């Protein structure tokens, strides 16, 4: 009996010993398994990990460069917005300083129109011969020259001529910036919205400064501030893009060059042969005309029809503030409803608010409504640029956007001049019915624009 117990205890001890040694055996087996893996496989795994880390580092560097490039282009559009937002508060002071009426002072819009169309025509050959970076810098330098002419309050013909020089510079930069952002492969809709939100930010800040200068003796010194903004812009464009062409700049952020056309026709002839380009150009012409007419003449309307005071210039800032806000805040609405359909909604609401401004004589109500109208009009321009990128060939995109934007900027002269001519004969009260009719016409034009995606080139 005792012998059996000893035997049983010995067996248990042996089992416990095996259990205690089990981890060592596991480690030895794992070591043996590792030692059996070929060195070539381990080297391949190590190289793959290094390649992944390098790829991640390159992607991060590309993303950083892209953010820097976008920031430079946003400043470029900030300057464009600053330029357009400066006119409204200074317009009554221009009339007073030069002793001119509505029609004569409206010549600033006509001469700006000449500059915009000239810039649109020059954009295509400049893009091919000078390239993206040089064209951007040239446009900014032209704006510097224009502001330097305007600041000393030279005789009215010279002052007005500066608007043509400014228009050429603005048109070149607008085309290049829009074409570049439309060529980006990821989140181009959001980036386009932010690009034009920067325009709204410039147009918001300018009236705040211009309203102060409008009450000073040397009101034209406002253009010295504009000259400073343009000088910073020139330095930024040189530092970031270094006079390189668009394909080289896109390659720096990991974007492959777009497809090339095989037609023997010149780019300009190919662009002008596209019906969609002309429909979009006319749509943008009316849109920009409405935008600049509201921003440029609403201060005069509030002063004359609603009896506003010296601070009425801030209503123009409210409009452009709404414009900026709409291009950011309403991005999710555009994506939810669809960019093509949502534009009809914005146009309908904007028309309704303009009718309220027209028929309801309330200074505060008008100011609030104008801000909301700006918010509704805001997304329309970037939506149009995004749609252009979807329906036109990639290799004609920058040139097409240049023509659309440049020709469209003519609206910033045509409609404000029409407003001035009508105001000269019938009074500035004609502003609201003109805006309502133009918004309705703009909606019809959008319905005519093809909605089909771009075919493979």
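Backbone N, Cα and C define each Cβ position, glycine as well.
Features of the protein shown, as given by TrEMBL:
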DOMAIN    69-455  domain 'Major facilitator superfamily (MFS) profile'
TRANSMEM  102-124  transmembrane segment
TRANSMEM  155-172  transmembrane segment
TRANSMEM  193-214  transmembrane segment
TRANSMEM  220-241  transmembrane segment
TRANSMEM  279-302  transmembrane segment
TRANSMEM  314-333  transmembrane segment
TRANSMEM  342-361  transmembrane segment
TRANSMEM  395-418  transmembrane segment
TRANSMEM  430-449  transmembrane segment
Stretch of maximal Cβ-Cβ contact with the transmembrane segment (193-214) [cut-off: under 8 Å; candidates 155-172, 220-241, 279-302, 314-333, 395-418]: 314-333
Selection from 155-172, 314-333, 342-361, 395-418, 430-449, the stretch that has most Cβ pairs under 8 A to the transmembrane segment (279-302): 395-418
Folded-back contacts onto the transmembrane segment (342-361), same chain, C-beta under 8 angstroms, at least six residues removed: 306, 333-334, 369-370, 372-373, 376-377, 379-380, 383, 432-433, 435-436, 439-440, 442-443, 446
Long-range neighbours of the transmembrane segment (155-172), counting only residues six or more past its ends (CB under 8 A): 80, 83, 98, 100, 104, 107-109, 111-120, 122-123, 126, 135-136, 138-143, 145-147, 149, 402, 405-406, 409
